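Chemist: Have a look at this one before I ask anything.
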């Protein structure tokens with residue numbers, strides 16, 4: 001109950017942030033652009049192959065890219081100062097002076113900031129949906145909603161990472177550096193390291209069949225897991241790493257449903273460490 | 001009955017000792033003034049009571065409950081005004097009070113509380129635009145939520161003008177009359193003297209004095225400082241000074257030209273003056289000044305600039 005009280009207040013506070021409004025606007029622009037590109041590409045294919053407007057899945061595919069990049073940024077920007085910022089400013093003493101446990105505060109922050117990120121995603125996707133209606137004409141609302149739900153889940157995972165980081169330190173600078181470092185790590189370093197490892201093991205980067213461990217490793221980042229989870233929901237392989245590498249029988253870790261497990265681990269591990277650190281910290 | 005009981009509490013940060021074996025108890029229903037210069041360890045003590053930090057050694061209990069294990073119950077029954085607290089800039093004053101009411105499961109009227117601390121007019125303004133004094137009043141209002149059994153106020157008059165500080169003292173008295181125990185810290189004696197039943201003076205992480213305000217006053221011998229102007233310096237000045245020093249009740253004598261400063265007990269005054277005249281000089285003028293509680297406070301806390309600040 002206490003966590004809900006904290007979450008409600010936190011939502012009211014964070015939802016009034018200008019940063020959030022700006023990020024949401026950028027996100028909406030990108031979904032709109034994605035919708036436009038999807039319809040443009042669809043028309044192109046229609047001319048070439050004589051087919052009509054493409055399925056909603058293709059549209060989802062077009063929107064997954066902006067969402068995959070922007071949702072983590074929104075969640076990290078919204079979440080990185082959740083705890084560290086209050087420790088720095090001193091408002092945490094007001095919060096903890098009231099009868100809330102430290103755990104309540106962290107859980108409340110995650111719920112509050114997740115709700116904020118969810119609103120941002122909903123606004124962005126609503127604009128995207130309008131765009132799809134305008135540019136394409138017809139969209140499967142159910143598929144679109146499923147996609148939205150999985151994306152909100154993805155946002156939730158990054159909020160857990162951000163708030164987890166934020167609870168580990170009393171400095172927003174360090175929390176921000178951690179959040180920024182994670183983005184760089186997942187986007188660039190992860191696949192770079194995997195490639196280096198591939199070269200070390202196989203002696204080459206170019207091969208017809210990539211080894212299972214390589215496909216598994218690449219599937220373990222939260223961003224890849226997001227694709228896997230979408231694939232699992234739609235029963236379509238086209239969003240997964242395995243498909244990208246042409247693997248027909250993906251290893252367990254690269255299975256679409258396993259994306260949910262990966263997402264859960266990415267949410268819980270930073271959160272667990274954050275809770276432990278914050279629980280024993282001198283404020 | 002003790003409300004706060006701290007026994008042998010030590011807090012170290014690395015090699016710095018912020019608190020050193022502090023023993024302190026606050027009785028139920030009293031107003032306890034926690035005095036000391038900045039950096040003496042007052043906030044460290046309060047942070048221990050609130051479980052914001054954990055002691056390196058020692059025990060802290062509030063309402064007979066363990067400050068660490070039962071911190072939630074303690075904070076349900078306590079109203080807190082932390083030092084240097086910040087508001088949520090984007091939320092209104094009323095929202096802050098409403099949040100405190102909901103958090104405590106109380107049923108106060110937020111407007112009544114805001115009225116009481118004198119910022120009802122600004123209830124709907126965002127707290128980010130509040131002055132320091134208004135912020136302090138707002139935080140005080142949230143501390144009053146739910147008629148707490150204990151009020152912990154860390155430097156409550158920060159940012160308040162004298163009038164605001166007086167109004168706050170008035171509310172503290174009302175709360176105490178209702179039955180609340182009040183623990184409040186200050187680095188200014190005047191804030192505490194007027195209102196406290198008992199006073200503890202903290203210096204370098206140790207309690208150097210603890211008594212009622214009157215008790216502290218009584219504990220000082222009635223020292224008087226006599227400033228005596230004589231017409232000339234006697235031939236054997238050191239013998240003259242020795243003669244004055246040997247008077248019963250005199251603790252210090254110093255001379256600067258023809259001005260003598262004699263610190264002595266009240267009763268010794270006449271003897272001192274007579275002894276001076278016996279040295280063959282005549283007194284042209286003299287003045288006395290009584291030492292105040294402020295002097296005592298200064299004496300206890302002076303030379304504290306190299307303190308551990310946290």
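Quick reminder: no glycine exception, Cβ is built from N, Cα and C everywhere.
Keep in mind that TrEMBL annotations are predicted by a computer and have not been checked by a curator.
A quick note: this is a predicted structure, and the numbers were derived from the prediction, not measured.
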Chemist: If TrEMBL is the reference, give me the range from A:235-256, A:257-278 marked as transmembrane segment.
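Modeler: Within the set A:235-256, A:257-278, TrEMBL attaches transmembrane segment to A:257-278.
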Chemist: Which of these ranges is annotated transmembrane segment in TrEMBL: A:20-41, A:86-107?
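Modeler: Of A:20-41, A:86-107, TrEMBL gives transmembrane segment for A:20-41.
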Chemist: Ranking A:20-41, A:110-138, A:144-165 by Cβ pairs under 8 Å to the transmembrane segment (A:257-278), which is first?
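Modeler: Stretch with maximum Cβ contacts: A:144-165.
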Chemist: Go through the chain and flag residues at least 6 beyond the ends of the transmembrane segment (A:177-201) whose CB is under 8 A from any CB in it; none is fine as an answer.
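Modeler: For the transmembrane segment (A:177-201), the far contacts come to 72-73, 76-77, 79-80, 161-162, 165, 168-169, 210-211, 214, 217-218, 221-223.
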